[in-house]
Amino acid sequence: MATVSRRAYAEMFGPTVGDRVRLADTGLVAEVEQDFTLRAGGYGEEVKFGGGKTIRDGMAQSQRTRAEGAMDTVLTNALVIDHWGIVKADIGLKDGRVAAIGKAGNPDTQPGVDIVIGPGTEIISCEGNIVTAGGIDSHIHFICPQQIEEALASGITTMLGGGTGPATGTLATTCTPGPWHIERMLQAADAFPMNIGFLGKGNASLPAALHEQIEAGVIGLKLHEDWGTTPSAISNCMDVADATDTQVAIHSDTLNESGFVENTIAAVGGRGICAFHTEGAGGGHAPDILRVVGEDNFLPSSTNPTMPYTRNTLDEHVDMLMVCHHLDAAIAEDLAFAESRIRKETIAAEDILHDLGAISMMSSDSQAMGRVGEVILRTWQTADKMKQQRGALPEDGARNDNHRIKRYVAKYTINPAIAHGISHDVGSLEVGKWADIVVWKPAFFGVKPAMVLKGGSIAVAAMGDPNASIPTPQPVHYRPMFGAFGGSLARSSLTFVSQAAMAAGVRERFGLAKQLSAVRGIRGVRKQHMVHNGYTPRMEIDAQTYTVRADGQLLTCESATRLPLAQRYFLF
């Protein structure tokens, strides 16, 4: 039998079992755990498109029609990185969803084929490339629509949050308040190649005004201290969420005016809730909001300006905070408010809590103390910093960082999907889910995608000069593709709403073009459901020194002076 060297095979068909891939310029190494393309019984039946290659009529391309099972699109020889595994596979897409992950080809001439290539099948060659599920940013201030373009080009395909544009309330809080604004924002969402869900304002002590927002189409409610996150408002908001199977996200009381962290925990009453920017620089009970990391019903997340902890982190935060929360540097009380939120001890501990799997999610806090295009980038910078400072995780050996990689990819994919009741549609590369897929060259993993698919259509890609004779000449930059235009846009993206809104027929009432999907299964979600990130330690924060301990272990680390995925990739 003819043989080929491992290197030559990887260069031709991509890595296979036992091969390792470095993720961009980080120190993280992924090792292929399984190769689904070998289901034919071994090597030799791989599919590849191109002149003289195998995906040709009568070879790896069958005669089967779409009705007979041929796929719409097949991504060949992809290295899949997801919470469930790091595997080599072909991926079949049909009707805008993932139809199969396995072995592609022609079942009439090849054994073991479960993804049929036919004359009606498009091919995206992923040999040597990494494929991930589209990212989810669950902390969006919808301040300007251009955020969506920026996020999509970074690999984010779902944005959850609130706002109405650059209104003062939106600059500070992630709320789309009231039925009129909710209707307008749902109508605006039709224009963008992005899955979108809105949060209403949850700060009220009586339920009627909250119920009308749920029925108008929000997927949950946001409690924000700038609107008054009192125990009364918290309790009322939680009652409404329980009645409607929606989520509550909380930005608690930094000043401890209406109560301390213990009072907030008591008002929540053991019910599930999303804790935004759990460390506290983004807001929350000072100095010990990190206490909630030890509560099973709090689903903790970080926003990206504090991630990872670097020598510049503290300096930039005061000015950011003053702008975002409409504060005046000439007023001593405003300045004290800002400074109370910025503590190097808790910021340093935040990195380690992520590495332990105790903080479950990552998000941006877009234009409101966070950078919308850096959720994925900051996640992998944190993973690399923790490997450099803490070494390999106990679950990982000397050969690879697979467990750490799965832990960190889950923070911006499956875990926010579970927390917000949308994991039936998005959050992972699994059969039946919406085909929101990001393709990366390994050298650019986590920082600059090669292309982003929305609902099976290419929505954005790194594309060269449109007047060039081939697609690659400079200037290469992100350009919208056909999936981002016309009727294709509306059919390639989802708008998430509440079950109550779906039952009320908001799509017809508001004249919405996009397909709606109702959030569900939220109220029973707990920390233990956060994939690879369910550790719930006993938390202690010293009120005088701000030192942090988890299960008695002191959590501290140095600020980084160098990071991967940084200036090397952003020369211009």
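Any Cβ shown, glycine's included, is placed from N, Cα and C.
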Among H277, H285, indicate the single residue that Swiss-Prot lists for the Ni(2+) 2 site containing K222, H251.
H277
If I go by Swiss-Prot, which of D19, D351, D355, D365 binds Ni(2+) 1 at the same site as H139, H141, K222?
D365
Close to K222 (Ni(2+) 1 binding site), taking Cα pairs within 10 Å and only the recorded positions H251, H277, H325, are H251
Measuring C-alpha to C-alpha, could you say which of the recorded positions H141, H224, H325, D365 are within 10 Å of H277 (Ni(2+) 2 binding site)?
D365
Cβ-based neighbourhood (8 Å from the centroid) of the Ni(2+) 2 site, residues K222, H251, H277 excluded:
H139, T173, T174, L223, H224, A249, I250, S252, F276, G282, G283, G284
Among the recorded positions H139, H141, K222, H224, H325, point out the residue whose Cβ has the most other Cβ atoms within 10 Å, with all shown protein chains included in the count.
H139
When the pLDDT values for the domain 'Urease' (134-572) are averaged, what is the result?
96
